Structures are given as structure tokens and as C-alpha cells.
Amino acid sequence: MTGQGTPFVSLDDFEQHAMRNLDRNALDYYRSGAQDMITLKENQRAFDRVFIRPRVLRDVSTVALSTSILGEQIASPICIAPTAMQRMAHPDGELATARAAKRKSTCMVLSSWSTTRIEDIGDGVKWLQLYVYKDREATRRLIERAQDSGYTAIALTVDTPYLGRRLADIRNRFRLPPHLTMANFADTGKAQVGKAEATSAADNASGLAAYVASQIDPTLNWSHVEWVKSVARIPVLVKGILTAEDAVLAVNAGVDGIIVSNHGGRQLDTVPATIDVLEEVCRAVDGRVEVFLDGGVRRGTDVFKALALGARAVFLGRPVLWALNYNGEDGVVEMLNMINEELRLAMALAGCVSVADITRNHVKVPGQPRL
């Protein structure tokens with residue numbers, strides 16, 4: 001419900017509430033993209049260029065959303081992407097998001113830049129998002145802590161040797177509020193963002209950009225993926241693949257999955273929307289590993305289109321933050337209920353009674369010949 005008592009009817013309503021409610025530092029950090037934000041906008045617009053080809057007279061009296069990812073059963077192919085510093089959106093932050101994910105029997109990916117410790121996230125299907133730090137032992141400890149705490153996969157972000165140029169964060173000189181820290185680094189000296197390393201006017205950068213420049217390893221290459229694989233006892237996915245060429249290299253490096261992602265349009269501006277390159281990646285992989293998508297998913301029909309083009313599941317980022325800000329754990333559950341019901345309806349109207357029924361023949365994309 002909105003503040004005026006009008007019910008929320010779409011995921012956009014959660015965002016509108018957050019735009020009125022969040023402080024400028026947090027709002028701009030969450031919603032902004034790189035440079036002119038062309039990719040950020042395209043992530044959503046591109047879904048509008050994909051059309052559903054429905055089949056009729058299919059008996060859709062019962063529609064099941066359940067599926068599996070990396071061998072784990074989940075209630076729906078709609079999962080929660082890693083988003084950093086969630087306590088800026090709500091005091092319970094990642095704890096509330098994790099509880100909502102468990103209530104909905106779906107997967108949550110915890111950002112390594114969370115404001116909640118790895119160990120404090122409860123039971124459920126949970127993965128850890130990981131960066132490779134210059135301090136290799138700090139990276140190793142994150143993997144080991146995740147394994148010891150019941151996480152079942154590592155999602156290695158591979159598109160961030162440097163932070164993208166995010167104009168709003170530069171203007172705001174983004175910094176994590178003083179009462180919050182990157183909780184997974186409390187004992188390493190890497191827990192603060194926007195302190196001394198980002199206070200010089202000459203830096204002309206947000207606190208997070210300065211943090212990344214000082215901590216994240218810019219030599220990141222395929223040997224680092226192999227190193228993470230050698231350390232981890234759980235599956236390793238790479239997050240940030242946008243081309244067939246890199247998808248093949250990822251499979252050859254032994255990864256267990258690929259997340260087609262452009263970091264929510266926050267890294268290199270003018271790269272393609274993720275839905276526009278999903279099929280290219282899936283064809284290159286040819287079923288050897290599972291492929292996932294994040295970026296721009298706002299409707300159940302978006303989820304349907306991604307599944308038809310080869311995604312095993314999709315991950316939601318910003319909508320989770322907006323729902324978290326609206327009403328904590330219950331807000332995230334409400335948002336997930338809404339988009340899951342949209343997916344259920346889309347499947348029924350397209351003649352699909354299970355996720356497995358959704359095929360490439362159910363969508364028409366730009367440039368595709370008439371079927």
C-alpha cells in the first residue's frame with residue numbers, strides 16, 4: 001500500500017515509494033548507472049522488444065513455477081541478486097532480505113559488500129558474491145567463511161577491475177553512513193567506504209570508486225577464476241559475461257554457471273542489455289553449464305522471456321532494495337509475491353503449465369524471421 005492507501009500494483013510502485021523516502025546519498029547510489037545511463041535504461045527497454053507467442057487451448061488450470069538451480073530446488077525461477085549495503089535501505093538490511101528469500105523458498109545472493117556478516121545470514125538457498133581483492137588471503141577467507149556458513153555457490157564478479165564512472169555518486173561524494181560498515185571486513189581495515197581515501201577534491205571520485213581502486217585487483221584475468229575454483233569446495237559461477245567468446249572461455253575455465261549481467265548498467269555504459277545477449281551466450285554454452293540473467297527484470301513477462309531465451313532463472317536487484325525500503329522483510333515478500341503471480345499469469349496465458357514448458361518458440365525477438 002502507498003502512503004495514501006492506494007495498493008501497489010506493480011514493481012514500479014515500490015520504486016516510486018523509495019524515491020520519496022530514501023536519502024539522496026542512498027537513493028542515488030542504488031538507482032544510478034554508469035555515465036549517461038544508456039545501458040541502465042536499455043536493460044528494461046529491451047524486454048519490450050521481445051514478444052511472446054502464446055499457445056492456446058492448453059488446460060492451464062494448474063501452473064507450477066518450481067525449478068532447480070545448480071541442483072537445488074527453489075519455488076520459482078525468480079531469485080535475489082547481490083546488492084551492496086542494504087542497511088542504507090532498511091535497518092534490518094540483508095537479514096530481512098534473507099528471511100524473505102527463505103519464506104519464498106528462493107535463492108539469495110549475498111554481496112560481499114554487505115552491511116551484514118556472512119555468518120549472520122540464516123538457513124536457505126544462499127550464494128556469496130565475490131570480488132578478487134589485491135589481498136588474496138582476504139579473498140580466500142571470504143570463500144572459506146561462506147563454505148563454513150552453508151553457502152552453496154560463489155558468484156564471482158568479473159566485470160569490475162575498476163568501478164564504472166557513476167556521475168551521481170561523484171557529485172554526492174558517496175560514502176557509507178558512519179554508523180554502517182562493510183561488515184565482512186570489520187577486522188581487516190577494509191570496512192569503511194568514503195573516509196580518507198575519498199576526501200580529496202582532486203580525486204573527483206565517489207568513496208566507493210576510491211575504495212575499489214585501493215582494494216580490488218585490476219589484474220583480474222582467467223587465472224584468477226581458476227584460482228577461485230581451486231580454493232572453493234562449492235560451485236563457482238562467473239557474473240558479468242556478455243559475449244559468446246567469454247562464455248566459451250568461462251566454460252573452458254571450469255566454471256559451474258554463468259550470470260549474464262552488465263552490473264545493472266553500472267560499469268561500462270553502452271554495453272548491450274542483458275536480454276539482448278542472453279541467447280548468444282546460451283548458444284555458445286550449449287547446455288554445458290546453467291546460464292542465469294540479471295538486469296532490467298520488472299515484470300512476470302520479463303521473466304518468461306528470459307526463460308524462453310535460455311536462462312535457468314533470473315535475479316532481481318533494485319526491486320528488492322525498493323521493497324526492502326518500503327516494508328523490510330514483508331515488503332520483499334510482497335514484491336516477490338507480485339512478480340511471481342505475474343509470471344504465473346503470463347505462463348497460463350501463453351499455454352505453459354511448468355517452467356520446463358517455456359521454450360524458444362514462445363518468443364519472437366527483433367530481426368527473427370516470421371515463424
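The chain as shown is numbered from 1 upward.
Each residue, glycine too, has its Cβ placed from N, Cα and C.
Quick look at what TrEMBL annotates:
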type: DOMAIN; residues: 3-368; note: domain 'FMN hydroxy acid dehydrogenase'
type: BINDING; residues: Tyr29, Tyr131, Arg166, His263, Arg266; note: glyoxylate binding site
type: BINDING; residues: 82-84, Ser111, Gln129, Thr157, Lys239, Ser261, 294-298, 317-318; note: FMN binding site
type: ACT_SITE; residues: His263; note: active site, proton acceptor
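Counting only the Cα atoms, the space from Asp294 (FMN binding site) to Tyr29 (glyoxylate binding site) is about 18 angstrom.
In the structure shown, the C-beta of Tyr29 has more C-beta neighbours within 10 angstroms than that of any other entry among the binding-site residues Tyr29, Tyr131. Contacts of Lys239 (FMN binding site) defined by a Cβ separation under 8 A and a same-chain sequence distance of 6+ are given as Gln129, Ala155, Leu156, Thr157, Val158, Asp159, Ile259, Ser261, Asp294, in order along the sequence.
Its Cβ placed at the centre, His263 (glyoxylate binding site) has 23 other Cβ atoms within 10 Å. Ranked by CA distance from Ala84 (FMN binding site), the binding-site residues Tyr29, Tyr131, Arg166, His263 have Tyr29 at the top as the closest.
Farthest C-alpha pair in the glyoxylate-binding residues Tyr29, Tyr131, Arg166, His263, Arg266: 19 Å apart. Comparing the binding-site residues Arg266, Arg298 by how many other C-beta atoms lie within 10 angstroms of each C-beta, the top residue is Arg266. Across the domain 'FMN hydroxy acid dehydrogenase' (3-368), the prediction's mean pLDDT works out to 94. Cα spacing between Arg318 (FMN binding site) and Tyr29 (glyoxylate binding site): 11 Å, rounded to the nearest whole number.
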